[in-house]
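Structure record follows, encoded as structure tokens.
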Amino acid sequence: MPNYKLLYFNMRGRAEIIRYIFAYLDIKYEDHRIEQADWPKIKPTLPFGKIPVLEVEGLTIHQSLAIARYLTKNTDLAGKTALEQCQADAVVDTLDDFMSLFPWAEKDQDLKERMFNELLTHQAPRLLKDLDTYLGDKEWFIGNYVTWADFYWDICSTTLLVLKPGLLDIYPKLVSLRNKVQAIPAISAWILKRPQTKL
């Protein structure tokens, strides 16, 4: 088993999908969390100057979803068939497209608040309706077993509920899916022991 070192801020953010996968697959890794104050001196040392990165076998891999796909490859978490893997990837990419619209780094607080409000009030309901329809009466997004798409839904929706607590009130099936993910023993244990951060 390779030695893994995950580098990210002390928050859930874009690294949490990687942490969920490590937890579920029972893979040991170093969860190295950096403080915002240290970021300016660390940034120039990284390929592409972004985190999270995963250090493995002398390589530094960037891009959270690429790392997640690497870790889930050849496991059922990715999907059991090529078609199911494509479906899981599509759900993840749909969620990621939306989460990437938020201006997390915007310095103008008034503008940031307006943009967040627009996304949460007008665009989020459309996304949730589509996800609810896609889930339908299935137990998980891709049928009868959990994939990393379900993990990513739980992670993204947790952040959305921090930003707008009542957002899922009319989507009981999506709430139920969150609950099922959080009830998986390995995920439940991780949620209990992880550092408590807002995002």
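Using N, Cα and C of the backbone, Cβ positions are placed for all residues, glycine too.
These come from Swiss-Prot:
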- 2-79: domain 'GST N-terminal' (DOMAIN)
- Tyr8, Arg14, Trp39, Gly49, Lys50, Ile51, Gln63, Ser64: glutathione binding site (BINDING)
- 81-199: domain 'GST C-terminal' (DOMAIN)
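Neighbour density at the Cβ, taken as the number of other Cβ atoms within 10 Å, is lowest among the binding-site residues Tyr8, Trp39 for Trp39. The DSSP breakdown of the domain 'GST N-terminal' (2-79) into helical (H, G, I), extended (E, B) and coil residues amounts to 38 helix, 19 strand, 21 coil. Neighbour counts of Cβ atoms within 10 Å were taken for the binding-site residues Arg14, Lys50; the minimum is at Lys50.
Fewest other C-beta atoms within 10 angstroms, among the binding-site residues Gln63, Ser64, are seen around Gln63. Averaged across the domain 'GST C-terminal' (81-199), the predicted model reaches a pLDDT of 98. When the Cα positions of Tyr8, Arg14, Trp39, Gly49, Lys50, Ile51, Gln63, Ser64 are compared pair by pair, the longest gap among these glutathione-binding residues is 18 Å. For the domain 'GST C-terminal' (81-199), the DSSP counts in helix, strand and coil order read 82 helix, 2 strand, 35 coil. Residues near Ile51 (glutathione binding site) in space but far in sequence (CB under 8 A, at least 6 apart, same chain), listed by position: Leu7, Tyr8, Phe9, Arg14, Ala15, Ile34, His62.
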